[in-house]
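The transmembrane segment annotation in TrEMBL covers 6-25, 37-54, 60-82, 135-156, 162-188, 233-250, 262-286, 292-310, 319-341.
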Amino acid sequence: MADTLFDAYLPLVLWTGLGLITFRFIPQAFPRFLGRALYWVGVPWQILALARQTDYAQNIGLAPVVTIAGLILGLLLAWLSLQAYQRWLARLVHAPLPLPETHGLPNAVTIDSLAATLPAEGATVGLSRSQRGSFILAATIGNTGFIGLGLVPALISQPYLGWAVFYSVTHNIVGTYGVGVFLASYYGRSQLQNHWSVQLRDVLSVPSLWAFAIGSLTRSVPLPDAIEQGLQASLWFVIPGAFLLMGMRLSQLQGWHSLQLAILPTLLKMLVLPLAIGLGTTLLGLSGDARLALVLMAGMPSAFAGLILAEEYELDRELIASSIALSTIVLLFTIPLWLLLFR
């Protein structure tokens, strides 16, 4: 397992660290250019190559079912945790405060200082609406594209890469562009008209979806060696580019002081949800790399797309940013756990 972790962590740490260091020395527009290049060319190129290698004789149709079930479970866990957290905050705020020990009766200054810590009458206790939306997004939507497809190929055998690809495509379409947009529009507000036709257009224009369809339909079509080698070469460019972009985006994050609030959605996203996926797929009869691929993809960090949705729909940006940073750090410690439990 040590060799596997080294092969996976070396590009992750190397290229992410390089992105963190070089961000201050490059043009401000470069991260956006790199992100759009990966979105429109790099990741579809990689998915096209991986889809042509997919073995559909391995019940791979379970991958989108597990993905959607994971999204539903993630939403349920996030909502229940949010309700429990809100109730805990309410009890904490309304708990009686003990008066400090004094040698006599408490003076007026002490009473005034204690009164100032209590919420005003009629004030709402707990998280704001925008914070609740960011909480659920951070706990549900994962970075299965750039980080997931960058890491997982080094951790599972080639015949099972299709499971990861299928998970990523389904998660991006149903999760990011479906559930994510719905949650963001429900808990926030947008300057733009949020019509169903616009959302449908956005889904149908996702380049990774078309790349996956083309790769799947052309599996039996032999291509010239030069083209096949060009498709396989995608891993040499897309993975370093994705990790480099992640480092640059991490260096741009603000709101790190919200890390304490980000702990709960990070625990749900990085520990509870992938563990539930692992146990559920085991009950379904999956084992080995097929199960591991789904668990790893379910345990990817909170997605950068959540930050984009927070900007667009005016959700709490600091909570999303802190969740991305914290879950990315936690990823380094959860991967060995999933390899140990579900390989």
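Along the chain as shown, residues are numbered 1 onward.
Every residue, even glycine, has its Cβ placed from backbone N, Cα and C.
The shown structure was predicted, so the numbers you read here are calculated from the model rather than taken from an experiment.
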- Message: Does the transmembrane segment (162-188) come close to the transmembrane segment (6-25), meaning at least 3 CB pairs under 8 Å for residues 6 or more apart?
- Response: no
- Counting only pairs 6 or more apart in sequence, are there at least 3 Cβ pairs under 8 Å between the transmembrane segment (37-54) and the transmembrane segment (162-188)? yes
- Message: Counting CB pairs under 8 Å, which listed stretch among 60-82, 162-188, 233-250 touches the transmembrane segment (262-286) the most?
- Response: 60-82
- Message: For the transmembrane segment (135-156), give me same-chain residues lying six or more residues beyond its boundaries with a C-beta closer than 8 angstroms to one of its C-beta atoms, as numbers and ranges.
- Response: 4, 7-8, 11-12, 38, 43, 46-47, 50, 71, 74-75, 77-79, 81-82, 127, 163-165, 167-168, 171-172, 175-176, 179-180, 183-184, 187, 208, 235, 238-239, 242-243, 245-246, 261-262, 264-266, 268-269, 273, 289, 292-293, 296-306, 309-310, 315, 319-320, 323-324, 327-328, 331, 335, 339
- Which residues of the same chain, at least 6 past either end of the transmembrane segment (162-188), have a Cβ under 8 Å from a Cβ in it? 47, 50-51, 53-56, 58, 60, 63-64, 66-68, 71, 75, 129-130, 132-134, 136-137, 140-142, 144-145, 148-149, 152-153, 156, 194, 199, 202-203, 206, 208-209, 212, 289-290, 293-294, 296-298, 303, 305-306, 309-310, 312-315
